[in-house]
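Feature list, courtesy of Swiss-Prot:
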DOMAIN    2-133  domain 'DAGKc'
BINDING   T40, G66, D67, G68, T69, I70, N71, E72, T95  ATP binding site
BINDING   L215, D218, L220  Mg(2+) binding site
ACT_SITE  E271  active site, proton acceptor
Amino acid sequence: MADLPASLLILNGKSADNEQLREAIMLLRDEGIKIHVRVTWEKGDAARFVDEARQLGVATVIAGGGDGTINEVATALIQCEGNVIPALGILPLGTANDFATSVGIPVALDKALKLAIAGNAIEIDIAQVNKETCFINMATGGFGTRITTETPEKLKAALGGVSYIIHGLMRMDTLQPDRCEIRGENFHWQGDALVIGIGNGRQAGGGQQLCPNALINDGLLQLRIFTGDEILPALVSTLKPDEENPNIIDGASAWFDIQAPHDITFNLDGEPLSGQNFHIEILPAALRCRLPPDCPLLR
């Protein structure tokens, strides 16, 4: 593996003391592989490190963290200009790791690191909101957004993705649906939504398959709306097969426009964005990502 080009790992500061990761990096360095490591501590660090990665001429920028870290690195990469832009590698180190899990990134850090450096770089889509903010995995609105943004950090650290479900059950009596109107290509719906999922990827909230048909290189966004007047019946209904569920509405489009009479909040790969009007569009083949050969999200 010594003939592989250099990589730069952008590591979320929360994982800076990960001894297992240090050992994996040292083993690869002993094999002659050049890996630069930079640690983020505040917003904007990832973009600066991507600029540095281009100056160093590395072939891959590896995002080491959860969905938010992957989002920040991917967003910085698609904003790069020029012909030679590094590929994105993924090292899952977050609470839920929804995107990494759904695309088949290995859980073992040494295997994930080798894939991030030596895996095949494949062009994938990314989504953009209101011409500025991006998400690589999913935008969630309604009940799901409030749960993921309000779940205490200590609960997430202790229980991982299960913490979202537990906190959701605790908050069920205070959550109400969002009234909104959604338009897309050959799609129009308006009403009260308990949960809205707009996916480039398939899952969010610690493993919840909100958009089970999503692919990351088909030029489309998948939409799933959970409707209903009460939270508990809607949650119970999600256990039914989709074709039997009257509370599920699906759509697919290269773009969706969402309007609401009041502020609603979308969670974009872990980052909240509030407003009354959202234009969400897919950017086809926006970046290259090193993925396993059997990645289930590729067409």
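Backbone N, Cα and C define each Cβ position, glycine as well.
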About how far apart, in whole Å, are the alpha carbons (Cα) of E271 (active site, proton acceptor) and N71 (ATP binding site)?
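About 9 Å separates the two Cα atoms.
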I need the nearest neighbour of L220 (Mg(2+) binding site) among the binding-site residues T40, T69, N71, using C-alpha distances.
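Result for L220 (Mg(2+) binding site): the nearest of the binding-site residues is N71.
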Could you state the CA-to-CA distance between T40 (ATP binding site) and L215 (Mg(2+) binding site) to the nearest Å?
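Approximately 30 Å lies between the Cα of T40 (ATP binding site) and that of L215 (Mg(2+) binding site).
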If you measure every Cα to Cα pair among T40, G66, D67, G68, T69, I70, N71, E72, T95, the residues listed for ATP, what is the largest value in Å?
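The widest Cα-Cα gap among those binding residues is 17 Å.
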In the three-state scheme derived from DSSP, which category covers L220 (Mg(2+) binding site)?
coil
On the DSSP side of things, how many residues of the domain 'DAGKc' (2-133) fall into helix, strand and coil, could you say?
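Residue counts for the domain 'DAGKc' (2-133) by secondary structure: 55 helix, 35 strand, 42 coil.
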Can you tell me the three-state DSSP label for E271 (active site, proton acceptor)?
strand
To the nearest whole angstrom, what is the C-alpha distance linking N71 (ATP binding site) and L215 (Mg(2+) binding site)?
17
Other residues near the Mg(2+) site, CB within 8 A of the CB centroid of L215, D218, L220?
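Sorted by sequence, the hits are D125, A214, I216, N217, G219, Q222, A252, R299.
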Across all the protein chains here, work out how many other Cβ atoms are within 10 Å of the Cβ of T95 (ATP binding site).
23
Provide, as an integer number of angstrom, the distance between the C-alpha atoms of D218 (Mg(2+) binding site) and D67 (ATP binding site).
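Approximately 21 Å lies between the Cα of D218 (Mg(2+) binding site) and that of D67 (ATP binding site).
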Can you give me the Cα-Cα distance between D67 (ATP binding site) and L215 (Mg(2+) binding site) in Å, rounded to a whole number?
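Between the Cα atoms of D67 (ATP binding site) and L215 (Mg(2+) binding site), the distance comes to 17 Å.
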List the Cα distance (Å, whole number) between T95 (ATP binding site) and L215 (Mg(2+) binding site).
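Here the two Cα atoms lie 23 Å apart.
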